[in-house]
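Worksheet: one structure, shown below.
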């Protein structure tokens, strides 16, 4: 019995000194943290293990058979920190939505644009010759500028009832249609009225009305007695 315990202590010292069975994979792990259970002596060498890929390892409490490719108990040692090797591949940056308004790219339109013809300043509006007219605003289309005219080439010109779109004329034609200025009217001669003279009473006696006499009447045709 004493030889058995001496053998166990000797094997334990060999594992501690030489790295637990020549640095085999399952023998790296030690059984630590709790009390050792009884009956941990299972093998003395790898040949005592029944498995093909098993080795006889010391786990901290005794010698047991373990597979070469598995570990008995998770290691309590700290994991090794691997050095960070900078990658040569470009890193994909995460897309962060921007709070600023995005500027839309300008895309030229394929549809033909309608060019509005604006009359040149040399073209003038025709002269308004009618001074008075009945304005029917139900059929009257006013304008403010030449851009309001729907027909190309027309110009917003003054009219009797306001402004409306008209075709302009050249400056030479405009002078021909200018209205001749009215001549100043000559005032009519004023006739002075003669004031009425007050009537003076006459010194002659007033005329008496004549009364016809009975003899002056014509009795022809009267009844005879």
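Going from the start of the chain as shown, residues are counted 1 onward.
For all residues, glycine too, the Cβ spot is worked out from N, Cα and C.
Residues or ranges marked as signal peptide by Swiss-Prot: 1-19. The feature disulfide bond is assigned by Swiss-Prot to 27-57, 36-61, 43-56, 49-65, 125-157, 135-161, 143-156, 149-165, with similarity to another entry given as support. The domain 'WAP 1' annotation in Swiss-Prot covers 27-68. As annotated by Swiss-Prot, region 'Disordered' applies to 176-225. The compositional bias 'Pro residues' feature in Swiss-Prot is assigned to 203-212. Annotation comment: Swiss-Prot describes 213-225 as compositional bias 'Polar residues'.
A count of other CB atoms within 10 A of each Cβ picks out 149 as the most crowded of the disulfide-bonded residues 65, 125, 149, 165. Here the CA atom of residue 165 (disulfide bond) lies 110 Å from the CA atom of residue 65 (disulfide bond). Here the candidates are the disulfide-bonded residues 43, 61, 125, 135. The one whose C-alpha lies nearest to that of residue 49 (disulfide bond) is 43. For residue 36 (disulfide bond), none of the disulfide-bonded residues have C-alpha atoms inside a 10 Å radius of its own C-alpha, out of 57, 156, 165.
By neighbour count, meaning other C-beta atoms within 10 Å, the densest spot among the disulfide-bonded residues 36, 57, 135, 143, 157 is 57. Just so you know, the Cβ of residue 43 (disulfide bond) picks up 19 other Cβ atoms within 10 Å once every protein chain is counted. Reported as a whole number, the C-alpha separation between residue 43 (disulfide bond) and residue 125 (disulfide bond) equals 123 Å.
Of the candidate disulfide-bonded residues, 125, 149, 157, 161, the one lying closest to residue 61 (disulfide bond) when CA atoms are compared is 149. For the disulfide-bonded residues 56, 125, 135, 143, 156, 161, a Cα-Cα cutoff of 10 angstroms around residue 149 (disulfide bond) retains 143, 156. Distance between Cα atoms for residue 161 (disulfide bond) and residue 143 (disulfide bond): 11 Å, as a whole number. Here is what falls inside 10 Å of the CA of residue 165 (disulfide bond) among the disulfide-bonded residues 57, 135, 156, 157: 156, 157. Of all the disulfide-bonded residues in the list 56, 57, 135, 143, the shortest Cα-Cα distance to residue 157 (disulfide bond) is found for 143. Remark: of the disulfide-bonded residues 49, 56, 61, 156, 161, the most isolated position is 161 (fewest other Cβ atoms within 10 Å of its Cβ).
The separation of residue 125 (disulfide bond) from residue 143 (disulfide bond), Cα to Cα, is 14 Å.
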